[in-house]
Amino acid sequence: MTASALSDLSMVAAAVGYLIAFFLHSLEWSAARGLAPVRPQDGSEDVARIRVDLFGRLAVGVTVVAFLVHAFAVVTRGIAAGRAPWGNMYEFVSASVMFAVLAYLVVVWKLGARWLGIGVTLLAAVGLGGAVTVFYVDVAPLVPALHSVWFVIHIVAAAISGAAFNLGAVASALYLLRRRAEADGPVVSGYLAKVPHSTKLDLFAYRLHAFAFPLWTFTIAAGAVWAQYAWGRFWNWDPKETWSFVTWVIYAAYLHARATAGWKGTPAAIIAIVGVVSFWFNFVGVNLLFSGLHSYAGI
Amino acid sequence: MRTGEFVRWCWTQLTSMRTALVMLFMLALAAVPGSMIPQETISPVEVADFKAANPVLDAVFTPLGMYSVYTSVWFSAIYLLLFMSLVGCILPRIALYWRTLRKPPPTLPSRPDRLPVNRRTTVGGTAEEALTRAETWLHGKRYRTRRVAEGVSAERGYSREAGNLVFHSGLVVLLFGLAWSNLLGFHGSAVVVEGKSFSNVITQYDEFTAGGWKNSDSLEPFTLKVDAFHTKFETGEVQRGAARRFDADVTFTDDGETTTDLIQVNTPLITNGGTQINLLGHGYAPLITITDGNGDVAFSGPVVFLPQDGNFSSVGVINAPDARPQRLAFEGFFFPTAVLDDKGPRSVFPDAANPELFLNAWSGPPAKETGIPQSIYSLDTTGLSPVPGDDGEVLRMRLTPNTGLALPNGLGTVTFDGWSRWVKLQVSQTPGNTLTLIALMVAVAGLCVSLFVRPRRLFVRIDGDGAVVGGLDRTDAATGLDEEVAHLAAAVADEEPDAGDTVGDPAGHAAQWGMSDPADPKGTGA
């Protein structure tokens, strides 16, 4: 079996793995329905609570396995191509989903933030599933425009900041759910009771965005420097550039909103989610809908 | 007086964070149409096509400046207002920051036990000694302190606001850098056939855009000869025809010095004067010789054909206005790898594996030189009529290299002598780039400082026999306040610090990010 075929097979397996992990997280959430916020002392819920935890643990286990298979797929793809494995849409999406899952697993390992799992595995399953079904292209060398050291710098920075933006968006979405549950009544039950308090979620999301925003600024700057070398002009208002600028402005608005009375909390969380939608539109939509300087090798 | 109030009110509104936020949203929204509607600066051809295809939309778009969004009045208005708001916001903050820096830390609160995190501790030795130990510990943690008889106030993290101000000032400087490049820079492009030269004077450009303050008559004098252009295309199954190599050997003459260089896509040629020369595109130039009816050579040389698709099916026009007795003109297609089947003639690969030239001929009586410039890429057929073929229809020629054809009625002959490649060079000068880049780097550094430095205040107050230590974070994203309060209390008590046992911490600064109630009874979480 060639490295390329091995990579293709593992990539599909990883996508399926993330899907299974997502189902397990969904079971974890649904099994927690109606459970009291705090474990009753009489032990009446112990069986149900252990089941909830079992699903959660299984989901994380499956995610770890899927991630390892995924990382193997990305590495073998790079070996097959003899270069960094992010030279086209398929490779870029699969590599950045890998960075996002890695960031998630680190957060689970260090901070125990398993509650991000349902969102992250869904994003990973959809992202990687879309990559293997819609964007797939066979291994091929790079077009001359990508022969540059910036090919690594610019794209790795984009993928890492993208990973943090995605985790931040999941935390913001959970914030909205938890916030609504807190507003509905004094007692938050079910799975949301196990998710950190909304103030903590807001803080968690903020930290991820505060990490990602300077890195995203750097991504755009590195892209501009590269563009100056490649095209003689560092900014052309090419659709990709325009949308990365739009994404930047939305996240700048998020950071300002968190410091503005009347915009804290729910509005800021919504801005963060709009930001990630803009981010994904930039990475997928722009390539599919518009032609520009960033159109390489099909899609 | 009322006017003054109104102006002040406007200024307050403009510089409020809420306005800045709204303008950020407007800026994001305003940038979007430019990615969806063709832009004059990117592709004038697409704009023309769009206008022709959508006359109704065009009637709305043209007055709104939708074809040059990023230089339109409304887009400029948004970002200029945003920058005014930014300047209005940071100037007072710079002044305030300057005063804060020169002021000692805040006065000691009378009740530090009301602070978010606080603890009561014993005093080791005299109060004097305890406060000195506290100060030493605080200085070790890079706090600025203010000592009074009853206690110590301390503050750290001043650089956060400095980072914030540097970031926003950096953006203003960046805007100046962009303006500098725009006003004093230029960019232009020229098509140069292999073996030919380009001199940097405005008449040699095919298109040229210069800033308002740039004197385009005094461009840096240099000459560039394109010796050879090398290209390679994918011949394998995957991405067949994709470009794999793309570079030009050039001879460059500047200040009387001649050097040979290689221009590649990511390695432009940069002159001593800071002019940058990039390779932007390439194509084919068939070599043509036209002999007229009198037997004289009316035209000979390469003709630039413009590629129409990824396989370089190219169109072009050959004009021989001096041919006699009839002037001659040709329009046609060049196919580097020609195929002729029921779908018509086309190229199936971008490299010249099987080049063919398809031509139609036109002839007409000699015309007077009008001096009106004509496009070299499209044929003006005024005063010309198609040359008929044998069957009475229009003459269609299909030529392979080194073949020729005699036109009917003794009009002359045309020969296809071979082909060269041409390159499209972009020449540009962006003098503000260094400033822009430095401003950007400084701004990003400032941004990191403003996001990652966490200002904090700590207080120690002697209270009876013991002391109260309290602290508060001035940002909500900080961690470790508990630990610092515990350590400071230990320094006051002259003991080893213990963990925890503090009162308060409602925002969960000693954050555990795990499940707030682990589902498993053992409570181990994930």
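Heads up, the Cβ atoms here are built off N, Cα and C, so glycines get one too.
Given the structure is predicted, the values throughout are model-derived calculations rather than measurements.
Residues annotated as domain 'Cytochrome c assembly protein' in TrEMBL: A:86-294.
The transmembrane segment annotation in TrEMBL covers A:6-24 (among others). Taking Cβ pairs closer than 8 Å, the transmembrane segment (A:6-24) reaches residues 55-56, 58-60, 62-63, 65-67, 69-70, 72-74, 76-77, 80, 94, 101, 117-118, 121-122, 124-125, 128-129, 131-132, 136 in its own chain, all 6 or more past its ends.
Residues or ranges marked as transmembrane segment in TrEMBL: A:58-80 (among others).
Tertiary neighbourhood of the transmembrane segment (A:92-109): same-chain residues 11, 18, 60, 63-64, 66-67, 70-71, 73-74, 77, 85-86, 116-117, 120, 123-124, 127-128, 130-132, 135, 155, 158-160, 162-164, 166-167, 283-284, selected by CB-CB distance under 8 Å and a gap of 6+ residues from either end. Positions annotated as transmembrane segment by TrEMBL: A:92-109 (among others).
Only residues 6 or more beyond the boundaries of the transmembrane segment (A:116-137), in the same chain, are considered here, and those with a CB under 8 A from a CB of the stretch are 8, 11-12, 14-15, 18-19, 21-22, 25-26, 28-29, 56, 59-60, 63, 66, 70, 88-90, 93-94, 96-97, 100-101, 104, 107-108, 166-167, 169-171, 173-174, 284, 297-299. The annotation transmembrane segment is assigned in TrEMBL to A:116-137 (among others).
Among the features that TrEMBL reports, transmembrane segment is placed at A:149-177 (among others).
If you look up TrEMBL, you'll see A:210-231 (among others) marked as transmembrane segment.
Annotation source TrEMBL lists transmembrane segment at A:268-290 (among others).
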Mean of the pLDDT scores, which run from 0 to 100, over the domain 'Cytochrome c assembly protein' (A:86-294): 90
